[in-house]
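Student: Please read through the structure below; I'll follow up with questions.
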Amino acid sequence: MLYPTEFDVIVVGGGHAGTEAALASARMGAKTLLLTHNIETLGQMSCNPSIGGIGKGHLVKEVDALGGAMAAATDEGGIQFRILNSSKGPAVRATRAQADRVLYKQAIRRRLENQPNLWLFQQAVDDLMVEGDRVVGAVTQVGVRFRARAVVLTAGTFLDGKIHVGLNHYTGGRAGDPAAVSLSSRLKELNLPQGRLKTGTPPRIDGRTIDFSKLDEQPGDLDPIPVFSFLGRAEQHPQQLPCWVTHTNERTHDIIRSGLDRSPMYTGVIEGVGPRYCPSIEDKIHRFASKDSHQIFLEPEGLTTNEFYPNGISTSLPFDVQLALVHSMRGLEQAHILRPGYAIEYDYFDPRALKSSLETKAIGGLFFAGQINGTTGYEEAAAQGLLAGINAGRYAQEKDAWCPRRDQAYLGVLVDDLVTRGISEPYRMFTSRAEYRLSLREDNADMRLTEIGRELGVVDDVRWDAFNRKRDAVSRETERLRTTWVTPKTLPADEATALLGKPIDHEYSLAELLRRPGVSYDGVCGLRGGECGPSEPLAEDELLLAQIKEQIEIGIKYQGYIERQAGEIERNGANENTRLPDGIDYTEVRGLSFEVSQKLNQFRPETIGQASRISGMTPAAISLLMVHLKKRGLGRRKGADSVPGADVQADNTAAQQ
């Protein structure tokens, strides 16, 4: 039957990508339907019970800055919070949280059920409705047909998923859930380029059988307790729990080696490529044969369960080998395994067949987000889902697509890497992937993106008001520090010595003093008995005050580096954002080699910047393209039209600093 209501956007899948996509399009005012095979698993953490980390935490902050749910849900469900790289520079500091699976899932579902313009429906999707070269809806397992102007597909590991434990395997999207076999077959009929990837998960352990007296405790940060959302509060956190650390040993490694003849990875049963940066334990032992030990983190799954996640022993070895290797580790000698570890193979589709909006180039209105694009990780999925949801909503509203640039967001880096370079293994975000990471920090994600989010319609009044209070306070106080001066006469020598190590010998602005190594904002404001501080509090709320101080300190201390990077961005941006016409035939560009023109015609880059990052492209080829565009008057700057955020970065340069 044809469902009587027509939607603007249909989102298929209720994982981290699907939930962010559905919430984003609904926030924009698009009538949105979220189709999931099981409403009870909305927002489920299928693998590790953690959010964030190096590069990943940056994505979560960006999702939050654009009004997304992941950071806020983590604040409500997080049972341990830490700042990684806290002793290093601000560009690489990252938030990571352990989450209670149940509380996190509840927080996501609560947001879905209370979001205006969003409908939920429990049914697996078996088919897409395609008319000509555009998608017009989806068909469920029992034949219900839903029509929509745009469809976002976020199928995770469910597309023709196959689960492996030793040499045994069976069809499944994850343990306990069916695979999407019919939908996978339908997508293959559409001739979208695809391949196979694999990922894995470790056995889960009953905490009542762990000897914690033999393990090293790893507590979270307590002073201050981190929060993930820019609107979050430490008071929102439930009870906090420690993690625990053990190690593999030579006996563990011998057990693993003895089982490799029954490993699906090493017997050719698994054909999909696994994640380089989250390898299975058997892969670690093989690749790092000289190491006699690997660190294993025992992470609590939640407050109402005894289950522990042993981070570091993802495996598809037979269960008897899993049992032996677990028992070989200190503190786990008597451990009971609650669930076996397994590997899962699944279909993905070459992201080079996508536009930077995450819309497929072949089928109008069809968007892909998450692991279907070859990425790995909750955070990468959520960020893509948010972007796909925004652009699906804009597509339905007949507005131009939006995607942040590489110099605007880690989300921009992620998408650009996917659509220009493709993937040969599951893609994971790192800070090292971003050329402009000093400007793309966790702490300024809101300064970079919230104004754009407001223009897009995904940022509500509460977030917008809080952002403006923060931005205005940072701007006012930074200006005060730059224009308030002290002299050897007005700053007592003993105070200067206590703060700077010696008296000052000429006039300094407070900003110049703050720029000194080891000098803090509070230290500067405390000079002259506090007279160097602001006349009124910057904020009443302690968390907001801490955020404001952090922005001020980083902006002033790193001003020179940030300005240098801004200049580099401006110089490189001249050609980076020049658009390539949709219908250009690259065989007609004089001077291009056959190989280069063939690649350009195959991947259809949207900008000169994207073209330059395609494998095999040369500076000479880019020059020929620029000449071709100039002669024909074809090129225009990306963002020169009505796309939101085209001018936001220039307007917010001071705020970002």
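Just so it is clear, glycine is given a Cβ too, placed from its N, Cα and C backbone atoms.
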Student: Out of 240-261, 284-305, 460-481, 636-657, which range is noted as region 'Disordered' by Swiss-Prot?
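Tutor: When 240-261, 284-305, 460-481, 636-657 are checked in Swiss-Prot, region 'Disordered' belongs to 636-657.
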Student: I need the most crowded of these binding-site residues: Ala17, Cys278. Count other C-beta atoms within 10 angstroms of each C-beta and give me the top one.
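Tutor: Counting every other Cβ within 10 Å of each candidate, the maximum falls on Ala17.
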Student: Can you give me the residues near the recorded FAD site, meaning same chain, not Gly13, Gly14, Gly15, His16, Ala17, Gly18 themselves, Cβ no more than 8 Å from the center of the site's Cβ atoms?
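Tutor: So the extra residues in range turn out to be Val11, Thr19, Glu20, Ala21, Thr36, Gly43, Thr154, Gly156, Ala369, Gly370, Ala381, Gly385.
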Student: Using a Cβ-Cβ cut-off under 8 angstroms and a sequence gap of six or more, which residues of the chain neighbour His16 (FAD binding site)?
Tutor: Gly43, Met70, Gly370, Tyr378, Glu379, Ala381, Ala382, Gly385
Student: If you count, for each of the binding-site residues Arg276, Lys284, His286, the other Cβ atoms lying within 10 Å of its Cβ, which residue has the minimum?
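Tutor: Each of the binding-site residues Arg276, Lys284, His286 was scored by Cβ atoms within 10 Å; lowest is Arg276.
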Student: Have a look at the binding-site residues Gly13, Gly14, Gly15, Gly18 and say which one has the shortest Cα distance to Glu282 (NAD(+) binding site).
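Tutor: Closest recorded candidate to Glu282 (NAD(+) binding site) by Cα: Gly15.
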